[in-house]
Structures are given as structure tokens and as C-alpha cells.
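Novice: According to Swiss-Prot, the record shows the following:
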- MET1: N-acetylmethionine (MOD_RES)
- SER40, HIS77, GLY123, SER124, LEU125, GLY156, ASN185, LYS244, HIS258, PHE392, GLN428: thiamine diphosphate binding site (BINDING)
- ASP155, ASN185, LEU187: Mg(2+) binding site (BINDING)
- THR287: phosphothreonine (MOD_RES)
- LYS352: SUMO2 cross-link (CROSSLNK)
- GLU366: active site, proton donor (ACT_SITE)
Amino acid sequence: MEAYHKPDQQKLQALKDTANRLRISSIQATTAAGSGHPTSCCSAAEIMAVLFFHTMRYKALDPRNPHNDRFVLSKGHAAPILYAVWAEAGFLPESELLNLRKINSDLDGHPVPKQAFTDVATGSLGQGLGAACGMAYTGKYFDKASYRVYCMLGDGELSEGSVWEAMAFASIYKLDNLVAILDINRLGQSDPAPLQHQMDIYQKRCEAFGWNAVIVDGHSVEELCKAFGQVKNQPTAIIAKTFKGRGITGIEDKESWHGKPLPKNMADQIIQEISGQIQSKKKILATPPEEDAPSVDITNIRMPTPPNYKVGDKIATRKAYGQALAKLGHASNRIIALDGDTKNSTFSELFKKEHPDRFIECYIAEQNMVSIAVGCATRDRTVPFCSTFAAFFTRAFDQIRMAAISESNINLCGSHCGVSIGEDGPSQMALEDLAMFRSIPMSTVFYPSDGVATEKAVELAANTKGICFIRTSRPENAIIYKQHEDFQIGQAKVVLKNKDDQVTVIGAGVTLHEALAAADLLKREKINIRVLDPFTIKPLDKKLILDSARATKGRILTVEDHYYEGGIGEAVASAVVGEPGVTVTRLAVSQVPRSGKPAELLKMFGIDRDAIAQAVRGLVTRA
């Protein structure tokens, strides 16, 4: 970035005029919509004008060009001013702004990626900076390109802990290509923000987190130009003192106007007042970027060799995940791994050992880790794999939910699922994760049961759009598949089959192996069962499940190391509901567990081989 040169008076006036046009557009759009946040837009007008028409480098007619500077509107409720910017730049027709929030318009109430200029969906506050950190990390360390990343936050969202997780991350990794703009307009939604206009405290907090922090008058285009022109070898926070509703007579800096459009008669009067301050209608052209981002292809990434496991060998699927990811890393230098300080448990350390420059340690900040991954994945620059204990992904549920709204392609591996982890106890046991990930739109939920299946899951996830979750286990279990076994999403496997099977038993991970052990017990009693491995819990192989059920007198037994709610049993029951003559019996963890040996806990909660065998006997004798 070049050293700061003060713009001449003509440019400064043009920026003031641009800011006022953005104000007018925001007021017009929200009044036409009958809803929206004009006051939140008006506090940011000068910031947005200086950013997009003085500081940033981008191609106005190609918003997703990989060379462009990036912008994240973390305070997503100010979407109308973002849309106004892209109309001012010439990408959107100005008439489209009046379709804000209409069902047939792409201009939603908050930014979403169906808009070409939006990389990540925002509106659930506190998440934009984490995504911006992921973009900046990618720009600095993977692309090694000159594009910069800007993120505007509101003061209300600075109460979110995830913001400070991101602040810490940016400092640790010296993201000097990242600028956060804090729009300190004093007022939150229902009350003033906790610090109101105590700018020095904001500055001290940012500096304490390792940022270069600059206080500016957020309505002075000259001060903003100077602040954006400062170059430091650390991330920069521009702390802008602004006023909510700036330029709206009678409403500026007044409470109780959050999220309220102006009535038409008031809007017309205010627009007339603001228009009177505009000296020229001439628009400022966007400055094009330096074109130094490498071309990237993340399609069709395949394992270099087949799985190197032999049937009967034992390995935990969590370790097989680490080995698979390290292996896939050799197929593409755009495979990256992130972990939350659990890499020696999730085995992502194996990836770090072989590809140290593509491993991102996110420390114990799971919410931020997911946001970082979302940022890294934008514009198809990388294929991220995040790992931690599956239980700890639950604290990032909102980030995962927003990742789906962002149409992000990220892969999450949750280890240590279920009571089978043993002595560590319930705080470490994932028993809700399947329910959580199944509820995410367009998600794919893998639950591999051996090393071969795990390796295939990793490869498939890398090439699958949307949120992919891979559930791995702590216990070592036998390899049951040959190395060339073909796996596909939504395709279950019949692991054990006889002509006279009495019950179809569906298990995954540890419980699949317990089902196979139960089959041996039952065989001595001349009771045969069919054992299915679903491989993906979402989508589920409904056809194979129904075919198997019909071949076993309509009896299905599911067994899972998960709570009853939202897991395999409910997925299977939903798939076969309404099918005549088909019944589903479920075995799952029924209450909060405790510490103990894995075998003791499986037995205590009725999901071990003996419980499966007993349930099968009950189904057979009931006929």
C-alpha cells in the first residue's frame, strides 16, 4: 500500500457528496421497504464513501474478482448502505435499491452471497471479523497477494466474545493486511452501547489485543482518508466516532430509532435537506486492483493412492482422519487444516507435520475457528478442514448456521463422539452433534466406521459443496472394508447379510462394531441379523434401508452412541415413516452420562452388543 497523500479539496468534496448520496439512497430504500435500519446506515456514510471510493482497490463490475480488496459488513443490518455503494459504483441499477427486502429481489434485509459483492452472510452479529481474518490470512500466507481486507463492525456487536477471539487471532498472525473499522455511533438496539463514546477505552482494548488503533472523527472524510493511509506491521483498527442517524434532523443521536424507516413525508423533507449539501453529481470511479493473486483450482481433488489398511487391522477413526487429511494435502496445496488446540487428539497434527505452512492453529476459540474457515474458503481460494472434539462444535452452532447461509464450503471433523470416549466424562462427549449438523441446510453428515471409510469421507468432503461434518471416534476398531471399496454420499453398506435375516440393525462407528459382535452372539441362537452401515447420516440411503427392512419382516433396530433426539434413529424413522409394515426400534443414550470405561458405559446406556442382542430377541419373539 502506498504512503498517505492528502487528497485535494475537490476529491474531499466529492467524497462528502458521495457519502450524502449513500445516505439518501439508504433512506429512500428503507422507506420504500417499510422496514430496515436507516440510522445505522447514516452513521457509516463517510466511512463507506472513503473506503470504496478512495481507499479500496477493486473492479466495480466484477465484485468477486480474486485480485479485489475484500470488504465484510459485520454490522449486517446496515445492508442498504452496502447496496447503495454498489449502485454508486455502477454494479447495481439505482432503481433496484427501491426493491430492498422484496421477495423477488436479491437485496435481502441483511447481506447474503446471492449478491455477487457479498462473500459471507452477516447479520448475526460478532462474526464478520472472524471471516475477514480468514480472508486476510489467506491473502497473506496462501495467495501471497496484495489485496487487503476491510471489515466494518458496529459498537453494539463489540460485546460479543467472538469479536475478541478474532482480534486475538489477527494479532497472533500479524495480519497487517487487515483493517477493522469500528462504527462507534453510541447507540445499540434498545439502549446505548455500554461504552457509548468513550473512545479511549475502545482504543486501549484494541491496543491490548495487539492492534494499531486510531481514533478518528467518523464523519470527517479527511481524517478517514489519513487513517486508512497509515501502514503498520500489525492489524489496524480505525475507531470512528460517529452519530447514529447522522444527517437526519431531529433523529440524529436519538434513542428509539433503531430499525425504523422514516415515514415518507419525513423522508422527503430529509432527502431535500441532504440534497442541498451535495455540490456535484459527478461520481468517483473505483480504483482497479493490482493483479497478483494466483489462479487456483480446487475441483476434483483426489487421494494420490488407495487406503493402506488391511481388513482386521485396528485403528481409531480419529487417527484415520489425520492420516487421510495429511495424504490429501499432497494432492492439492489448497487443502488447509485448522484446529482448536486439540491436534494431538484429533490427529490433525499429522497434517501439520507434513504441511506446516497450511496448518492454522486457532487455539481454544471454536467460534472463531469456524469463521476463519469460512473466510479462507471465500472465492474458492482454499478447501478448509476444521477439527476439534465434536462436543465443542456445539458452541459454534451459530457460526455453522451462518456458514450455511453464506453458502460456504467448509469441512468440520468432530472427534471424541459419544460415551465411548470413556473416563473423561460427559463434558467431553458429543451426544448432540448429529442433531445439530443434520439441522443445517444442505449439510452432509459423514459417520465412517473404519479407516477405509474415513479416508473416503475425507476425499468426498473435499469435493462436496456445503457444510460437511465427519464424526470420528476414539476407540480403535477393526478395518472391515477392503482398500478399493467404493463409497458414495447417500449410499449405505450392507456389512452382514444372510437369506433368513430376522432384523435389520443399523449402527455407525462404535455401534456398528457392537452390532457385528451381537450378530455373532445371536448366530449361536440361530438368529441372523442384517447389519447396515449408513456411512452418511445425511443424506440417508432410504432405498437400501427399506429394501433391507422388507427382507427382515419390516423390523429395523437402530443403535447409536448419541442421544435419542436428532440422531440415527430419528433419521431412519423419518425416512421410513408411512411405510406399511415397517417398524423402527431405537437404542441410544437416554440421559447425561458419567465417567467410566468405554465398555462399561456402552453397557450402562444399553448400546453394547448384549443390549443389541437382547433387543433383537425381543423383536423376534414379539412376532
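Every residue, even glycine, has its Cβ placed from backbone N, Cα and C.
Quick one: where do these features end up spatially?
Specialist: All protein chains considered, the CB of GLN428 (thiamine diphosphate binding site) has 17 other CB atoms within 10 Å. Under the three-state DSSP scheme, GLN428 (thiamine diphosphate binding site) falls in the helix class.
DSSP assigns ASN185 (thiamine diphosphate binding site) to coil in the three-state reduction, placing it in neither a helix nor a strand.
DSSP classifies THR287 (phosphothreonine) as strand under the three-state reduction. For THR287 (phosphothreonine), other Cβ atoms within 10 Å of its Cβ number 15.
With a 10 A radius on its CB, LYS352 (SUMO2 cross-link) counts 21 other CB atoms from all the protein chains.
Residue density at GLU366 (active site, proton donor): 26 other Cβ atoms are found within 10 A of its Cβ, drawing on all protein chains shown.
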Novice: Cβ distance under 8 Å to LEU187 (Mg(2+) binding site), same chain, sequence separation 6 or more: which residues?
Specialist: THR39, ALA193, LYS244, ASP253, GLU255, HIS258
Novice: Apart from ASP155, ASN185, LEU187, which residues in this chain have a Cβ no more than 8 Å from the mean position of the Cβ atoms of those residues at the Mg(2+) site?
Specialist: SER43, GLY154, GLY156, ASP183, ILE184, ARG186, GLY188, PRO192, ALA193, GLN196, THR242, LYS244
Novice: Please give me the CB contact count at 10 A for ASN185 (thiamine diphosphate binding site), counting all chains in the structure.
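Specialist: Taking all protein chains shown, ASN185 (thiamine diphosphate binding site) has 29 Cβ neighbours within 10 Å.
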Novice: Find the one among the recorded positions THR287, LYS352, GLU366 whose C-alpha lies closest to that of GLY123 (thiamine diphosphate binding site).
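Specialist: Smallest Cα separation from GLY123 (thiamine diphosphate binding site) among THR287, LYS352, GLU366: GLU366.
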Novice: What is the Cβ neighbour count of SER40 (thiamine diphosphate binding site) at a 10 Å cut-off, with all protein chains included?
Specialist: 28
Novice: What's the CA to CA span in angstrom from GLN428 (thiamine diphosphate binding site) over to THR287 (phosphothreonine)?
Specialist: 51
